[in-house]
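Enquirer: As listed in TrEMBL for this protein:
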DOMAIN    8-328  domain 'FAD/NAD(P)-binding'
DISULFID  CYS45-CYS50  disulfide bond
BINDING   LYS54, ASP313  FAD binding site
BINDING   GLY185, ALA186, GLY187, TYR188, ILE189, GLY190, ILE191, GLU192, GLY273  NAD(+) binding site
DOMAIN    351-461  domain 'Pyridine nucleotide-disulphide oxidoreductase dimerisation'
ACT_SITE  HIS451  active site, proton acceptor
Amino acid sequence: MPSIAQHYKYLVIGGGSGGVASARRAAKHGAKTLLIEGKALGGTCVNVGCVPKKVMWYASDLAGKLSIAKDYGFNVAGDFSFNWTTLKEKRDAYVKRLNGIYERNLEKEGVDYVYGWAKFNPDGKVEVTLHDGKKAVYSADHILIATGGQTALPSEEQITGVKLGIDSDGFFKLEKQPKRVAIVGAGYIGIEFAGVFNGLGSETHLIIRGDTVLRKFDDIIQETVTSYYEKSGINVHKQSQVTKVTKNEDGSLDLLLTTGKTVQVDELIWTIGRKSFLGLGLDNIGVKLNDKNQIIVDEYQRTNVPNVYSLGDVVGNVELTPVAIAAGRKLSNRLFGGDQFKDQKMDYNNVPSVVFSHPESGSIGLTEKQAIERFGKNQIKVYQSKFVSMFYAMSEHKSPIAYKLIVQGDNEKVVGLHIVGDSSAEILQGFGVAIKMGATKADFDNCVAIHPTSAEELVTMV
C-alpha cells in the first residue's frame, strides 16, 4: 500500500542539472521542495555525458600533444603507452565525488530528495517506487518534470543484430580500449567519441549517412571537421548505413553496410540520437506531447496542465546542460522569488554550443544558410578565415583553424559565429557574450587584437 501523501510547495521529477538547479533555487526562495531521482544525481551530463566525456577528450588531446612534443625539443623516446583501465577508474571516482557534491548541495539548501522512479497516478499525485521496493506518494502546489533524455537505438527489425552494439551510455562502461571500433552517427556524440578513440590509438570507423559530419552546424564546421578526421586517420564511411551485425567466434563483429562493404571491429557504438525519458503516467493528468514524444511547453516552461512545468531534454528545444540549468533557475525565480521575477523566462536565442571534436568546434547564432533564409542574401555578408595555429609551426603535423563571421544589415550586426580549431570552446564563451549583447562587426574591429593568438583573427577579419 502506498504511504500517506506528503505535500510540498515544489516537487521536481528528475535530478539532472536542470532539476537540481531549479530545486535548489526554489528552496533558496523559501519553498519546501522535494526532488526525485531514479538513478544518480547529476543526470546524463555528470554520469554518462559531458563530464566523463570531457575527461576522455582531455586524454585524447594530451595524446596528440605528446605526439608532437619532440618537435619542441623534448626527448619522448620513453614509454608513453596509455592505460584505459587506469583512466576509467580515476574518471569513475571523479563522477562519484560529483554525485556526493550534488547531494550535499541539496542538503545545504534544505531540499528533500529521494531515490526512486516517479509517475503520476490516476489521482494526479506523484507515486514513487523507491529503490528498496517500497512506494511513497507525494503531492505539490507546483510540479516540474525534468527527466531528461535517453539514447535512441534502431530496432532489430531495422537492423539484424543491433543489440550486439552498445549505446553512448555503454561507452563509459567499457573496461578496456577496443583495438578496432565503429561508431554509427554523424552527430556531436559520435564525432566526439570518434576523435577520442582515434587520438588514443584505436582503429576508428565512422559510419555516416551523408557526406559530412555535424550536419546541423554551419558548412564551415561540417567540411573542416570531416576533412580533418579523414586526414587524421579515421575511416569515414560516407553515404553508408549498417544493415546487419554478426558476431564472430573470436568475439569480433562484422558490420554489413548498404554499400556492400563489410567492416570488422571489436566494438560497435550506436550514436544515432536521443529521445525524451518518459513513462511517467502523463496520460493520468493529461500532459500533451508533440509528434516527437516531447513535452509541449510555452515560453514560461508551462505545460497544458496548470502548475505542471517541464524543461531540459524532455522538452527538446536546445538540449544543453547550461540551458536546462538557466531555465530551471529562472522558473523557480518566477514561481517563488517575488514580483521582481514575475516575467522572467529563458531566452533560447543565441545560445553558444561547442563540440569537443579534434579540433574543437563551436557555434552561436545562425548558420549562413539560416541567415540568408531569414534576412535574404543581399542583407548578409560573410567574413571567414582559414589558417594553421602558430602552435604547429614547429611540427609537420598541422591542425586546421577555420572561422566564419556572419553579419546582417548596413550596421553589420553579428548574427552568427562558427569556429573550428584548438581552444574553440574557451574562445567562444567570451565572444558569445558580445553577440548576445548585439555586437556589430565594427565592435569586433574596435577591439584591439591580442597577439599572437588564434582568436585575434576574429577581430581583424576583412
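Placed from the backbone N, Cα and C atoms, the Cβ positions cover glycine too.
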Enquirer: Could you state the CA-to-CA distance between CYS45 (disulfide bond) and GLY185 (NAD(+) binding site) to the nearest Å?
Expert: 20
Enquirer: Which residue, out of the binding-site residues GLY185, GLY187, GLY273, shows the minimum number of other Cβ atoms inside 10 Å of its Cβ in this structure?
Expert: GLY273
Enquirer: Identify, among the recorded positions CYS45, CYS50, ILE189, ILE191, the residue whose Cβ has the fewest other Cβ atoms within 10 Å in this structure.
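Expert: With the recorded positions CYS45, CYS50, ILE189, ILE191, fewest surrounding Cβ atoms within 10 Å: CYS50.
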Enquirer: Taking the recorded positions one at a time (LYS54, HIS451), which has its Cβ surrounded by the most other Cβ atoms within 10 Å?
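Expert: Checking each of LYS54, HIS451, the winner is LYS54.
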Enquirer: Does anything in the same chain, at least 6 positions from ASP313 (FAD binding site), have a Cβ under 8 Å from its Cβ, and if so what?
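Expert: In sequence order, the residues whose Cβ lies under 8 Å from that of ASP313 (FAD binding site) (at least 6 apart) are THR44, GLY148, GLY149, ARG274, SER276, PHE277, GLU319, ALA324.
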Enquirer: What Cα-Cα separation, expressed in whole Å, is found between ILE189 (NAD(+) binding site) and CYS50 (disulfide bond)?
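Expert: Cα to Cα, ILE189 (NAD(+) binding site) and CYS50 (disulfide bond) are separated by 10 Å.
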Enquirer: Give the residue counts of the domain 'Pyridine nucleotide-disulphide oxidoreductase dimerisation' (351-461) per reduced DSSP state, in the order helix, strand, coil.
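Expert: Taking each residue of the domain 'Pyridine nucleotide-disulphide oxidoreductase dimerisation' (351-461) in turn, the totals are 38 helix, 35 strand, 38 coil.
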Enquirer: Which are the residues of the chain, GLY185, ALA186, GLY187, TYR188, ILE189, GLY190, ILE191, GLU192, GLY273 excluded, whose CB is within 8 A of where the CB atoms of the NAD(+) site average out, their centroid?
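Expert: Counting only non-site residues, the set is ILE183, PHE193, VAL213, LEU214, THR271.
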Enquirer: Which one is it: of the recorded positions GLY185, GLY187, ILE191, GLY273, HIS451, whose Cα lies the shortest distance from the Cα of LYS54 (FAD binding site)?
Expert: ILE191
Enquirer: Rounding to the nearest whole angstrom, report the longest C-alpha distance spanning GLY185, ALA186, GLY187, TYR188, ILE189, GLY190, ILE191, GLU192, GLY273, listed for NAD(+).
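Expert: Roughly 14 Å, rounded to the nearest whole number.
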